[in-house]
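Below you'll find the structure I mean.
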Amino acid sequence: MRAAWGSVWCLCLAAAVGALPAARRRGAERSGGQAAEYLRSETAFLEELVFGSGDTIELSCNTQSSSVSVFWFKDGIGIAPSNRTHIGQKLLKIINVSYDDSGLYSCKPRHSNEVLGNFTVRVTDSPSSGDDEDDDDESEDTGVPFWTRPDKMEKKLLAVPAANTVRFRCPAGGNPTPTIYWLKNGKEFKGEHRIGGIKLRHQQWSLVMESVVPSDRGNYTCVVENKYGNIRHTYQLDVLERSPHRPILQAGLPANQTVVVGSNVEFHCKVYSDAQPHIQWLKHVEVNGSKYGPDGTPYVTVLKTAGVNTTDKELEILYLRNVTFEDAGEYTCLAGNSIGFSHHSAWLTVLPAEELMEMDDSGSVYAGILSYGTGLVLFILVLVIVIICRMKMPNKKAMNTTTVQKVSKFPLKRQQVSLESNSSMNSNTPLVRITRLSSSDGPMLANVSELELPPDPKWELARSRLTLGKPLGEGCFGQVVMAEAIGIDKDKPNKAITVAVKMLKDDATDKDLSDLVSEMEMMKMIGKHKNIINLLGACTQDGPLYVLVEYASKGNLREYLRARRPPGMDYSFDTCKLPEEQLTFKDLVSCAYQVARGMEYLASQKCIHRDLAARNVLVTEDNVMKIADFGLARDVHNIDYYKKTTNGRLPVKWMAPEALFDRVYTHQSDVWSFGVLLWEIFTLGGSPYPGIPVEELFKLLKEGHRMDKPANCTHDLYMIMRECWHAVPSQRPTFKQLVEDLDRVLTMTSTDEYLDLSVPFEQYSPAGQDTHSTCSSGDDSVFAHDLLPDEPCLPKHVPCNGVIRT
């Protein structure tokens with residue numbers, strides 16, 4: 001191809017190693033604008049050359065004189081030789097090209113500003129196949145590009161904390177294969193436009209920005225085009241700054257203490273701080289008979305401060321040995337960082353030994369009087385209640401009738417659940433029918449065989465074909481035992497398989513029976529899925545109610561992961577015992593993927609779990625994850641949320657804020673719990689929010705705190721966790737999206753990528769219980785702090801004559 005400018009001729013040669021890229025002619029409108037920006041020439045059009053990533057580019061400028069040497073420019077900037085770029089007298093050669101090599105190239109004589117040639121180079125992962133001459137040979141499916149995964153592009157607004165990684169995707173297809181480039185706020189976006197650079201993964205149609213900052217906010221548009229046209233899609237990015245904060249001190253610590261003279265005293269102070277805190281213990285003193293200075297600040301002495309060999313954990317405890325009366329007074333824990341200071345105070349009261357004994361004696365007398373008085377009042381109250389009950393008690397026949405009426409209000413009807421049932425029973429048939437009651441009074445049903453359920457031929461199993469075995473565990477209203485069942489597999493009626501059998505305890509109530517029946521019916525209607533515990537059958541006739549479900553030999557996921565922690569680490573249960581099997585990173589991703597699939601199925605059946613956690617996921621012999629415990633599950637076919645009305649035990653550390661504070665349960669609140677379950681998986685069964693008391697957790701969640709990334713978790717997976725923990729429920733991903741994301745991660749993960757277990761898991765140790773345990777500050781914090789509260793703090797202290805004034 002030749003183009004003439006006056007008497008000068010330019011020859012452009014383009015060659016690629018391994019494959020010859022195609023050249024496509026662009027219109028004068030687009031190319032001419034770029035030429036005018038960088039070049040002083042009268043070019044009528046630009047020639048665009050398309051190369052594949054990794055190819056070699058060769059551009060040549062020919063002049064009438066063979067002795068003329070030329071300079072080369074890219075986007076108006078001179079090109080210097082490098083290990084990839086070779087410059088000859090008239091030749092420019094670039095090897096192993098990448099997307100960053102795309103741009104406008106020009107050549108000029110060494111002693112002239114006259115442009116001899118210019119070329120537009122675009123580098124893609126998949127170069128276009130064919131020249132304009134080949135258009136007639138293209139298939140009938142040619143046309144404008146199209147989106148291949150529009151469902152992955154529905155979330156247009158992305159709000160992330162600063163320092164996170166952001167990934168935008170625009171999966172597309174077309175014939176000829178389209179190319180993609182990106183705009184920010186309407187202008188072309190390249191790596192040099194951002195301090196941290198960008199990653200353009202053309203095969204995945206994605207733009208990746210690591211460690212985002214507030215200046216990255218804006219609208220990002222992907223433009224996908226081929227010669228038939230283009231399509232575009234815009235994402236909006238909002239980067240949230242992490243607010244710096246002064247330390248947070250746990251409420252109630254240090255606590256007031258009263259001791260006898262000569263005792264030893266410990267004051268505790270729990271500090272939470274994003275930045276490294278500086279902790280001091282102060283004692284309030286008097287100077288010239290006054291506790292406060294002229295400016296109103298208290299006089300204090302420093303009892304304990306950071307030293308060369310002290311740790312934050314040591315500084316959180318103040319020890320006083322063999323206290324005297326002079327030690328009585330006010331003590332303050334002062335914690336500060338680069339942002340500010342926070343403090344909590346407590347009083348120490350020191351009593352003489354005899355006074356404390358007198359107090360104990362007088363206290364014993366008062367306690368005795370109080371206990372006797374309380375006992376007398378309770379006795380009289382019980383006596384009155386018994387008399388009233390006997391006065392109102394009818395004859396035996398009337399009593400039986402009344403009891404039957406009371407319990408007959410209990411039977412459930414299938415019409416109460418709006419899910420479509422596959423059961424063969426009539427929709428109005430009561431699930432429980434009363435036949436007779438024992439003579440025992442009260443609502444306790446010690447002999448549950450006195451309640452009959454109509455048989456369901458599809459699920460009924462004769463008791464003679466069931467052999468009960470060892471207990472497996474106990475639930476809220478019943479127990480689970482292992483059993484051998486014959487006839488579960490209809491194709492092999494004589495084959496025995498191992499099952500788990502749910503049954504009521506001996507002291508079960510009618511409400512307990514209602515819950516078990518409801519769970520059985522729910523499992524019937526939800527149907528079967530590989531990643532949930534499925535119903536296998538039931539024994540409802542001639543005896544207690546038995547519900548047969550799948551048996552998972554490896555127990556729950558939490559214990560499964562903990563049993564496979566490596567030996568020799570301080571977080572391993574038994575350092576002498578080798579783990580049962582070594583887990584790879586892909587094994588952990590597979591666990592998460594399977595649970596997500598099970599939850600996707602439950603969500604499709606309009607079922608909200610409300611108690612999703614690793615302890616409620618069971619593992620089979622073949623390492624298949626199965627979601628269990630539908631006891632808290634509820635049908636929400638007609639409504640999209642469920643408000644809990646009872647005050648039963650709730651798994652607060654797995655609960656979404658809207659469920660925790662407003663008792664509103666949706667599929668999005670299950671997604672939050674799934675994020676916590678992901679954290680459990682990648683800490684090999686760690687306890688969420690280790691060392692954080694429940695009361696403190698409420699406050700921290702309201703302030704936007706989230707758990708930090710586990711040591712063996714990739715940044716992409718941690719981003720999935722953080723998306724699950726979005727404060728706005730509607731901004732969390734759906735389980736369908738989670739399945740797709742985890743499937744992608746699973747596909748890209750190596751099968752032999754073993755965990756880097758050289759990093760200790762101190763903050764995920766089993767010692768970190770879910771109750772009121774301690775937590776160190778600084779690097780041991782499990783929180784990523786977003787927004788934090790204002791707290792009163794002491795002014796910065798200054799030395800004053802050997803006494804610290806604050």
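Any Cβ shown, glycine's included, is placed from N, Cα and C.
So Swiss-Prot says this about it:
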- 1-19: signal peptide (SIGNAL)
- 20-364: topological domain 'Extracellular' (TOPO_DOM)
- 121-146: region 'Disordered' (REGION)
- 150-238: domain 'Ig-like C2-type 2' (DOMAIN)
- 466-755: domain 'Protein kinase' (DOMAIN)
- Tyr641: phosphotyrosine (MOD_RES)
- Tyr642: phosphotyrosine (MOD_RES)
- Tyr718: phosphotyrosine (MOD_RES)
- Tyr754: phosphotyrosine (MOD_RES)
Please count the residues of the domain 'Ig-like C2-type 2' (150-238) that DSSP assigns to helix (H, G, I), strand (E, B) and coil.
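Output for the domain 'Ig-like C2-type 2' (150-238) reads 13 helix, 45 strand, 31 coil.
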Taking the Cβ of Tyr718 (phosphotyrosine) as the reference point, list residues of the same chain whose Cβ is under 8 angstroms away and which are at least six residues distant in sequence.
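Once residues fewer than 6 apart are set aside, Tyr718 (phosphotyrosine) is near Lys709, Pro710.
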When DSSP states are folded down to helix, strand and coil, where does Tyr718 (phosphotyrosine) land?
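Note: Tyr718 (phosphotyrosine) is helical by DSSP.
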Mean pLDDT for the topological domain 'Extracellular' (20-364), as a whole number?
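The answer is 78, the mean pLDDT of the model over that range.
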